[in-house]
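Per TrEMBL, these features apply:
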type: BINDING; residues: A:Gly15, A:Lys16, A:Gly17, A:Gly18, A:Val19, A:Gly20, A:Lys21, A:Ser22; note: ATP binding site
type: BINDING; residues: A:Cys199, A:Cys202; note: [4Fe-4S] cluster binding site
Amino acid sequence: MSLSKVKHIILVLSGKGGVGKSSVTTQLALSLSLAGHSVGVLDVDLTGPSMPRMFNIEEAKVTQAPGGWLPVTVHEANAEAGVGELRCMSLGFLLKGRGDAVVWRGPKKTAMVRQFLSDVLWGDLDYLLIDTPPGTSDEHISLAETLLKDARPGQVAGAVVVTTPQAVATADVRKELNFCSKTGIPIIGVIENMAGFVCPNCAECTNIFSKGGGEVMAQEFSVRFLGAVPIDPQFVMLVESGARPVYPAGTMVNGKDISGANASTEQAAETSTRKDAALLADKYRGCSLEPLFNQITRDIVAAIG
Amino acid sequence: MAPSLEEPEPVADVIENPLKSKPQLVAPEPEHCPGPEDPDPDIPLISARLSGIKHKILVLSGKGGVGKSTFTSMLGHAFAMREENNVGIMDTDICGPSIPKMMGVEAETIHVSGTGWSPVWVTDNLGVMSIQFMLPNRDDAVIWRGPKKNGLIKQFLKDVEWGDLDFLLVDTPPGTSDEHLSVNSFLKESGIDGAVMVTTPQEVALLDVRKEIDFCRKAGIKVLGLVENMSGFVCPNCTHKSQIFRATTGGGAALAKEMGIPFLGEVPLDPGLDVHATTARVSLSRSPTVRPVRHSRRLFVAWQNK
């Protein structure tokens, strides 16, 4: 099977849609890659693939090679800079038009998930992140079924579960935690996304989707709480238009001033809207969420061992 | 006896027994549309059961977490504000049902009589049906493949005693898969009035919504309009308006124009709404959040009177 040279497989799960599974996957991948690991990202959200957009490689197509499909390269390894390679596979790369709907019932989705797990030529990878659709249905059952059957013992490191703080989201995510325990997938930890928004004008932090729900849930299920990630419109812009994140003067993250010299948000939006996928990891270094994910990544790597 | 999932299928069976006929998929087939499917023998029963329902409206979005259920609940309340209207909400999100929580009826169960299942009534004229009412424990995961989900949706349509309704709102899960195909094929004969699309402003969401609109075209469902949710956030401290999910490609308005469908309005983020939505009834007097809901209600009323 094509996963034989993959050291660790990490699933990114959430029962709820739109909580940021793909954003978290993107940032974990960038963070792991910046730490020098070789990373693959498999997007099994078949009816709503987001990874091509996230990595800004929507026009890319998958190449057929003897023995399977070659994943799309987001960036190559750069030993000097200590950056590992980053590759991605998604159904989005197989569609003719980006607006095309994939209207598949379960059996077809199952077949596609199996094919993604067996026919993609990943080569040597330190980490394979699998981004999933919301729910606990065909894609998830097929993933669990195939991985339990084919993966080496210990190869599936476990699942990172993403939630947002509000009760409506944690209600669904609890179901996903139960799914993991029923299927025997270990839980690496819970990430609470969209935890608060800092007003760029007055620095008042508002908890748009309430607060602390993820941490409480993690405690209840006795799983590790990996961290709370606030909403950063600059990260949204980085993904949406490729703009390098720039913060107003005086923005402090972990006691470090990350604001550019006198640069305002508007200027930044004008000067660096050029799309350049190769630079994505580079640009991400300047994002306020990078130190957060750096820590989360280190915790995950330590937890996996 | 109340229908329940008291003895769910052991998950080990689901995991260990792959599909009986192993599907073969050698090459990807990117072009897909809901093809002709064998008509279900129960469709006449469904049509008979739903004959007392005047209008059926779907709430769709390819993307998850954009506010389908929030919008559905609010539209339900908006329709039910007129006492002469009877409104039903059917939650077809089997793996992640949110409607019961939003309506404050999470702990209810379904009652069964000789003639069918009774929906849970939130108010005298607003009834709800969801799989959540059938779960033995609140947090139980429903680990079901497509066919079982389709079976339950069919039961929801065939066995639930809605009685005479003016509006049945159907809340759906994200995606374009089993639930959507089933709702469409089961309701085809009795007629769907149309679908309301919900999106958020950023392109990563619009991308999936575009697919859903494509699905509606292929399935022949009329798109009544598009609502943009989470459009901006007004800081409660300094009233500065921030674009949290910035519409770099023009947002919902541009998509509506591109697709030639009506744009129903923008709903800003309202941190107070979560409290309302999850603890009690949504307060419909709160103006900015509710305007597009009222607007879509008005628009729908105007459209049906045409």
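Heads up, the Cβ atoms here are built off N, Cα and C, so glycines get one too.
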Task: Interface-adjacent binding-site residues, chosen from A:Lys16, A:Gly17, A:Gly18, A:Lys21, A:Cys199, A:Cys202 when a CB lies under 8 A of chain B - done: A:Lys16, A:Gly17, A:Gly18, A:Cys199, A:Cys202
TODO: Work out how many Å separate A:Gly18 (ATP binding site) and A:Cys202 ([4Fe-4S] cluster binding site) at their Cα atoms, rounded off.
DONE: 27
TODO: Kindly assign A:Ser22 (ATP binding site) to one of the three DSSP-derived states: helix, strand or coil.
DONE: helix
Open item on the list: Would you identify which of the binding-site residues A:Val19, A:Cys199, A:Cys202 has the most other C-beta atoms lying within 10 angstroms of its C-beta?
Closed with: A:Val19
TODO: Write down the Cα-Cα distance for A:Cys199 ([4Fe-4S] cluster binding site) and A:Lys21 (ATP binding site), rounded and given in Å.
DONE: 24
Open item on the list: What whole-number Å value do you get for the CA-CA distance of A:Gly17 (ATP binding site) and A:Cys199 ([4Fe-4S] cluster binding site)?
Closed with: 25
TODO: Just name the most isolated of the binding-site residues A:Gly15, A:Gly17, A:Gly18, A:Gly20, going by other Cβ atoms within 10 Å of its Cβ.
DONE: A:Gly20
Task: Cβ atoms near A:Ser22 (ATP binding site) (within 10 Å, other residues, all chains) - done: 27
